[in-house]
């Protein structure tokens, strides 16, 4: 083992892990904590472990064949299934892009104390992608370092919330390692399914299999291929462990502070703290429902304005970091399935326009609750798209004709 070699292979796994930290994930985390307390942490743990295994297969496919998943699909499938797969993956990418736009717009609105309306935040997110394209010109390693910085910001901001709220550590451990949900019903089941859909992103398989090609590996040398597989797997383990810890921070903060709370409880606390957002919570005994926006507000009411602004910075980092991974995924998928080589600028312009248009209409003509309701729908969409990525990656990595001596036995 060599730390120097690990450092040389470090980058693709952390770019891939950003999909485990996008705004859709954060919303799923906070809702599972508020609805089920600590009881669904084991679902998050298992989903992350399964995600790691699938990412390992996707990375191995790229390392061994020198082709990413979309390129292998293009070679192995006939035209009809190939087009269906491409359309499904594009739908997942656009859905993910919409979540990034929604999360960033809400974060900008919170940070500006409502002075920048939601539709203004949506318009700002149109420009930010092109900033990342500008950074991309300075080389992949510098871009990887920048996204490492954004992941660090998320760890610090959500870690601050964790330290401030001080969740019960015994309940955290029980929730993680006891796969049981006492007293759970339909709402908790919906959150459990949502966690799986939010954590395991379908287009991430295509992304990871392409990112590993950025490292030079002599594929005629089996020792070098095994070595690359080993270090990419170690890096993926580290990256997904970091993302898992950040997700734990969010779930446990809302489980500790807002599980079984009513609207009246929050309304009273917000009124006492002179929060301008207390009208968000009607003075009734219905169970509190939170989303990315309301989550920041209730944190501000209970733990001071600093908690609200730090939360918003974390959400903004999540939205911005996942923007570029969606851009990369779209480029690799289009080139692989269609052999169509667009400039990254044109590709971003197309997908971002498709993602921004419905989001902008909702932001202009509806309120923030409809915007976050769209986020819930998109998490369900991700769950439905999952088989269209899993079936190819599981199939190809078990075929000796594709993987040669590195085919998956199971």
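Note: Cβ is positioned from N, Cα and C throughout, glycine not excepted.
Remember, predicted model here, so these are calculated numbers, not experimental data.
Annotated range for transmembrane segment in TrEMBL, selecting from 192-211, 212-231: 192-211. Counting C-beta pairs under 8 angstroms (sequence separation of 6 or more), the transmembrane segment (31-54) fails to reach the transmembrane segment (297-318), with fewer than 3 such pairs. Counting Cβ pairs under 8 Å to the transmembrane segment (297-318), the top-ranked stretch among 84-110, 146-163, 192-211, 377-396 is 146-163.
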